[in-house]
Every structure is written in structure tokens, then in C-alpha cells.
Amino acid sequence: MKSVIGVLAVQGDVREHARSLESLGATTRLVRRPEELDGLDGIVLPGGESTTMDKLLRAFELRDPLREKLRAGLPAYGSCAGMILLADRVLDATADQETLGGLDVTVRRNAFGRQVDSFEEDLSMPEVLGESSEPVRAVFIRAPWVESVGPDVHVLGTVTTGPAAGRIVVVRQGNLFATSFHPEVTGDHRIHEYFLRMTRR
Ligand code: GLN
């Protein structure tokens, strides 16, 4: 049986993630309604604008059922705004912003500074990519970083150069995986491949 992977489709980089997953052989389903959460093997929460996504999740009555699925162990991968949605705590959130939560981390929105809206860096992530693999070209777009992590969170990637050196940008806790950067814009599918392996366990 092919995996069926949902892509949360209320806002953001939906098509790009679906394309990446399909190129790896997964069947994708765009998720806008609660019943579309049923029978998924995993779900991707794309980058976009976390405050808007939060509002739309509530408006589409997706927030509580999606929270329940995540608590029940549905594998999820959050990129950028998707990382913010998975975080238990958010710094620089808007007043009424809520998250789905589950990932015991504190993230800071737009952490890399407002002048530097986006930047790129080669990131090696041996646990994600394998010991001897080429680094991933990580594209950060008004990205959050992970300011602190709880005891059960595995840090899988940190920035190595520049003013943000040492900042945590890839994390995993059980069924939840998140990156600050956007892997769907580079044509390198190894991050999605890692997530698909998570969904098969
Ligand atoms: N800055 C956005 C937010 O707070 C995230 C940006 C992105 O997903 N590229 O939601």
C-alpha cells in the first residue's frame, strides 16, 4: 500500500510539498476539512504565515481534530510556519495566536531579524541524511528558530555560520519533526524522504 500523506492546505507552500512527496512515490491529499484527516499515514504542515494558518484552522474547524490526531501519534512534519504550529511555546507571537502544540520547544518567530528576511546555508544533518551525505541547502524565509527544547526533543540540525551560529533549526520528538527552513523550494527531496520513513515505522 502506498502511503497517503496529507498536506495541510489552508494557506502557504501547499503545492510544492505535494509535488515533492509525489516525486517520492507517496499519494497526497490536500487537507481542508476535518474528515480529510481520516486514514492519513502522515501530514505536512507547510510554511506560510502561522498567524493566518492558526485563524484558518479554527475557521475550518480543523484545529481540534488535528490536535487529537497529533496526540494520537499521527506523524507530522512542520516547515517554518508549520514548525511554529507544532511548537508548545511561541515568542513574538501575536496576542491571540495559538498553536497545535505537541513539540516541547519554544520557537521565536521571525528570529533571524527583519532586515535579513531570508538567507541560505548548507546544513549537515547526519541523523537525518546519513553520515556521509552531502549537506542540504537550507532556505530560510522569515524563519523561526528554536530557542529552547524540552528533555524529550532531539536536536537534529543547527546553524553553523554567521550571527545565528548555534541556533537550533531542526528538531524531532517522537512523531513530530520540524525544520525552520523550506526544503520544498530546492528540488532536493531528502527531507521529505526522511519524513516518509517516519510514516512507515
Ligand atoms: N514568519 C512566518 C510566521 O511567523 C513564517 C514564515 C514562513 O513560513 N516562511 O508564520
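Yeah, the Cβs are placed from backbone N, Cα and C, and that goes for glycine too.
All annotation found in TrEMBL is predicted automatically rather than curated by experts.
For Gly48, Glu49, Ser50, Arg109, Ile141, Arg142, the entry in TrEMBL reads L-glutamine binding site. When other Cβ atoms within 10 Å of the Cβ of Ser50 (L-glutamine binding site) are tallied across all protein chains shown, the result is 28.
Cys80 (active site, nucleophile) falls within neither a helix nor a strand when secondary structure is assigned with DSSP, and so counts as coil. Its own atom aside, the Cβ of Cys80 (active site, nucleophile) has 29 Cβ atoms within 10 angstroms in the protein chains shown. Look at TrEMBL and you will find Cys80 tagged as active site, nucleophile.
A 10 Å cutoff on Cβ-Cβ distances gives His182 (active site, charge relay system) a total of 24 other Cβ atoms nearby, all chains included. Taken from TrEMBL, the feature active site, charge relay system covers His182 (among others).
The active site, charge relay system annotation in TrEMBL covers Glu184 (among others). Around Glu184 (active site, charge relay system), the C-beta neighbours below 8 angstroms that are at least 6 residues distant in the chain are Asp13, Glu16, His17, Arg19, Ser20, Pro46, Gly47, Ser79, His192.
Cα to Cα, Gly48 (L-glutamine binding site) and Cys80 (active site, nucleophile) are separated by 7 Å.
Counting only same-chain residues at least 6 apart in sequence, those with a Cβ under 8 Å from the Cβ of Arg109 (L-glutamine binding site) are Ser50, Ile84, Val90, Leu91, Asp92, Ala93, Pro144. Counting only the Cα atoms, the space from Glu49 (L-glutamine binding site) to Cys80 (active site, nucleophile) is about 9 angstrom.
Checked against ligand 1, the recorded positions Glu49, Cys80, Glu184 give Glu49, Cys80 in sequence order as having a Cβ less than 6 Å away from one of its atoms. Excluding the listed site residues Gly48, Glu49, Ser50, Arg109, Ile141, Arg142, the same chain places Gly47, Cys80, Ala81, Ile84, Asn110, Ala143, Pro144 with Cβ atoms within 8 Å of the centre of the L-glutamine site Cβ atoms.
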